Amino acid sequence: MTVLKMTDLDLQGKRVLIREDLNVPVKDGVVASDARILAALPTIKLALEKGAAVMVCSHLGRPTEGEFSAENSLKPVADYLSKALGRDVPLVADYLDGVAVQAGELVLFENVRFNKGEKKNADELAQKYAALCDVFVMDAFGTAHRAEGSTHGVAKFAKVAAAGPLLAAELDALGKALKAPAKPMAAIVAGSKVSTKLDVLNSLSSVCDQLIVGGGIANTFLAAAGHPVGKSLYEPDLVDTAKAIAAKVSVPLPVDVVVAKEFAESAEATVKAIADVAADDMILDIGPQTAANFAELLKSSKTILWNGPVGVFEFDQFGNGTKVLAKAIADSAAFSIAGGGDTLAAIDKYGVSKEISYISTGGGAFLEFVEGKVLPAVAILEERAKA
């Protein structure tokens, strides 16, 4: 992937507009989870160190486009940045017709989704964004799969359009895992439905050596292999699809599972051999023997891609499978990449973030990249680099 990189540019005295993903949860006017802001900070600091006049933009939530809403304001993010950087970070609401920023200064623009035409990627709005800067930096991998005014349109019209360090690192890590992975490669794909991850499963089946499935997805594969799944969540209409995938790649199946009679925090967990699953059982995790088997497979892998917990880990009695695999990935010498919202929550819960080679900040963008789809915001940066 050939894109201009912000790290290679001379930014001294330049007006630099950086698109970050600062779409963080806010509770009572305070940032509730700062992971995305922390991921963006090095880029912002680097632009300031390079002597740029720095303008940062992002979306937050899903406001009605073109209308201000206090609950979707980036004010809590501006407050957080001021504290984190030890300097005043003004939140600018009216910026489309120009804003005064000096070299070494930093401002945060109000939610881009308050601007009409943002989601439709309107040229008129994109040209206004582009006119604000000498250099546009796309650093928000989490929104790279969306062609919007502040992610794609502005890159079309800006004098210079480059990838920020965070975006560049995501693309490098994903390329390393998917374009020419060190072998053997194992992928863990879990979730409630095969239908939502079908493209991911198909794409990975052609690059990985072991495809470990979990959650409702695993139940569909178990049913395809003729095993009882009781009243577990599965998709009978996709049994043939599961068979076709299993014919292309090794899909190791659970030999034991953790079941319950109901889906609840107070539900009693019972370990059963797969053949003993009763008609009124719900499979909510992989069993200890299966977890040990899968951990052994991961130990011998050189590349690991992890998307999704293998059980209902939010309830501790159904979290052991995910915990064992998380620890196995952490202990492995393989290049490991993890992505997707629930996966990040599991990484947090089991404290393995430092041992995973790369944790992707993008949910939908991560999955679309794995599916082999073109990410519009990356494609436009490549086009501009060629020109």
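We count from 1, first residue shown onward.
Keep in mind that glycine also has a Cβ here, set from the backbone N, Cα and C atoms.
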Write down the one residue from R113, R384 that Swiss-Prot lists together with D21, L22, N23, R36, H59, L60, G61, R62, R146 as binding substrate.
R113
Report the member of G61, G340 (the binding-site residues) whose C-beta atom has the most other C-beta atoms within 10 angstroms.
G340
Rounded inter-Cα distance in Å - R113 (substrate binding site), G340 (ATP binding site):
23
Find, among the binding-site residues listed as N23, T343, the one whose Cβ has the highest number of other Cβ atoms within 10 Å in the structure shown.
T343
Greatest inter-residue Cα distance in Å for the substrate-binding set D21, L22, N23, R36, H59, L60, G61, R62, R113, R146:
18
